[in-house]
Amino acid sequence: MANIQQISITHLSFTYQHDTNTVLHDINVSAPLNSIIGIIGNHNAGKTTLCRVLAGIIPNMMGGDLLGDVHIGNLSPTKDWSVLNRQTDFVLQDPNSQLSGLADTVADEIAFDLLNHGVDETTIQRRVADVAAQMQLTAQLQQSPSSLSGGQLQRLAIATAIVTKPGILILDDPTSEMDPQGRADFFNWLATIKDTTIFIVSNEIDDLCEIADRLWVLVDGELVRKGTSLEVINQLNPEWQIGTPKVYQLAKLMYWSLGADLFPVNINQLRGCVHDQHSN
Amino acid sequence: MKENGIENKGNRFNMWKIHLSVATVTLIPAAVGINYVAKAFAEGLKLPLWLGSLGTYLASMLAGPTAGAISGFINNIIYGLTLSPVSTVYSITSIAIGIVVGVLFNRGWFSNAKRVFVSAILIALTSAIISTPLNVIFWGGQTGIPWGDALFATMIGNHINIWIASFTDEFVLDILDKVVVAYIAFFIYRQLPQRMINYFKDNQ
Amino acid sequence: MEIRDNSLSNIAKIRWYNLIDPVTKLLVALFLTMLSFVFTNLYFEVSLVLISFVLLLLSRLSSATINAVYFCLFLIVTMILIQGLFYSGNVHPLFSIMNITFYREGALYAVTMSARILIIIFAIGFFMSTTTISENAKYLEAIGLPYKLVYLLMSVCYILPQIQQNMKKIQFAERARGINPQKTVAQKVRSILPILIPLIIKTFDQSINRSITLQLRGFDSPERTLATPKYHYVRARFNHYLLSFLTIFLIGCKLWQIFSRFL
């Protein structure tokens, strides 16, 4: 069952301890490794819980009734947690909780994971500088983390996660406090990452459709749609009340279809579509 | 998990290695913070109470007597280092409070309002018995709370033994404080979400 | 370019007290305190107060220390009053005002205790104003304290300002909602519960999240690089042994003083 090149989730159900509501309900899905998977859904749909299962927080730190099987490559977050944890990084919803709480400067905060893993000082210096540049935090390196704005704090949280060069990156709503420019920069940066399996929970449906290889839609703990963003957005049930990208709304209004009742969901598709319309 | 490999080379502090889970390690600072806030509230409202052990009570209830004792100890050490150096010595009292609350809670003595009252009296007794010698050594028997000290002065003025006078001064203040804190802790614990209680219970 | 500030070249100016390690500073505080307990001669106590005060003046007199003195002032004053009037060993009157006699023995006893308190405040003030949280954290880790314990101690220092912030926000929200001034203790206690409960739940939630993050971020990993101390300290280990030995010796003296009274 464990395909080395696949993420596979089979019959995954989960209920938190001392709780009667099933948070995740019989989820079956697979995707190739090193792809970007966008997870969307409304409040309390089970997005954060799914992330916790993928990161092994459930059942290693939070108990409950976990059924089914999850494999990322040949590793299982349940059984091989300590090995998997070395390759995985998680950005929590609340960036404040992401911080070690024990760093005087942004630079020390970013270095925390590397120190824990016994990386040598020269490598630490280089990686910290590198990651800070990617997250536009170079000017803040000597500041205290508590002096940062919400958006900067979220970028710091991401920086602490990517500094270890994880093979698997789980991002739980990483842009909620960023301004539009910061968010755009973040998604542009995310698209450039190679050789990393990325799970990203976000409400920024426009941005997700630009970069995600796959979208998974959760409604009340059930995985109701999975596939490319083009397939998923075109098959959304209005009852789920999930937002659609502006490109899609516009294309639908203008009847710019890609054929077979499929409307474009990102700029590239739209461009192709409008181009076709013109050449007709 | 990664519990079995903390031995650093040349570790001279192995005797300190009480098993602490990561959850307890992050709970204790929170408990200390709550002590601090509760104390600030009591001072802000000019209550004749300290309330400064609320976090210690909650830590004991959530994660057991050891966590409570450490919270109490660290609370007084940090408070002593930053605000009032002499309160450092009362860390012994705080350790005892943490242990007694944790043991009473585990034995079910925080399960209903009546039992909480009995617990509170036991906690106040423990606190007063341990604090009295400290008061005598450092302050000649006073507690620093005006109306308690007025009582103390009256008793000393009437040639009552200093130990009895000091114990009375401390116990009168303790009984009120510990009863109120016990009820607040009892009430708050019941408001905590079940997942929170489980998390600390599972990760001890 | 050094990004992480842990090299000596980045420190502008090294003062004399930077050459003494934090543990030695704490042991000095302990040693002075024990000295004041063993030798209760008034002149000796006063000179100890002066020594610790000079120590503080030669380093930095921070406002925290002044606050601590202020904090104890009420107690010191009432202590002198109560003991001067009612101390059980009172024999020689010092002065009398309207039939109330103030005695020498009690006053002396109270002054000795006050001196002891001032010594503790000044000696700890010296430790506090000449070290920083990160310096202490690095040093404790470097001398072999498990990182978990270092984290525990230091995060308390970091969490207090955070909690104060949360408290201000909630107080502000509550004030906006409007709370009537309360009169009885029970009413007052009840009035703080609506503020206290959300604050406590939020604080505990943050500690749950933090404990998860720390585990995900490899906290407590056996491979952790031990921190290097911030300064190069002079004779740290020798100082620790010497001061520990002297302090233990003084504790022994004190115990002997107490027990010999019963012999």
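Glycine is treated like the rest: Cβ placed from N, Cα and C.
Sequence-distant contacts of the transmembrane segment (B:18-37) (same chain, six or more residues past either end, CB-CB distance under 8 Å): 3, 52-56, 58-59, 62-63, 66-68, 70-71, 74-75, 78-79, 199-200, 203-204. Positions annotated as transmembrane segment by TrEMBL: B:18-37 (among others).
Annotation comment: TrEMBL describes B:49-74 (among others) as transmembrane segment.
Taken from TrEMBL, the feature transmembrane segment covers B:86-105 (among others).
Residues 86, 89-90, 92-93, 96-97, 100-101, 104, 109-110, 162-163, 166-167, 169-171, 174-175, 177-179, 181-183 of the same chain, all 6+ positions outside the transmembrane segment (B:117-139), place their C-beta atoms under 8 angstroms from a C-beta of that stretch. Taken from TrEMBL, the feature transmembrane segment applies to B:117-139 (among others).
Look at TrEMBL and you will find B:171-189 (among others) tagged as transmembrane segment.
Outside the transmembrane segment (B:86-105), and at least 6 residues removed from its termini, the chain residues within Cβ reach (under 8 Å) are 53, 56-57, 59-61, 64-73, 75-77, 79-80, 119, 122-123, 126-127, 130-131, 134, 138, 178, 185. Nonlocal intrachain contacts for the transmembrane segment (B:49-74), taken as residues 6+ away from its ends with a CB within less than 8 angstroms of a stretch CB, comprise 18, 20, 23-24, 27-28, 30-36, 38-39, 41-42, 91, 93-103, 105-106, 110, 176-178, 180-182, 184-185, 188-189, 192, 196-197, 200-201, 204.
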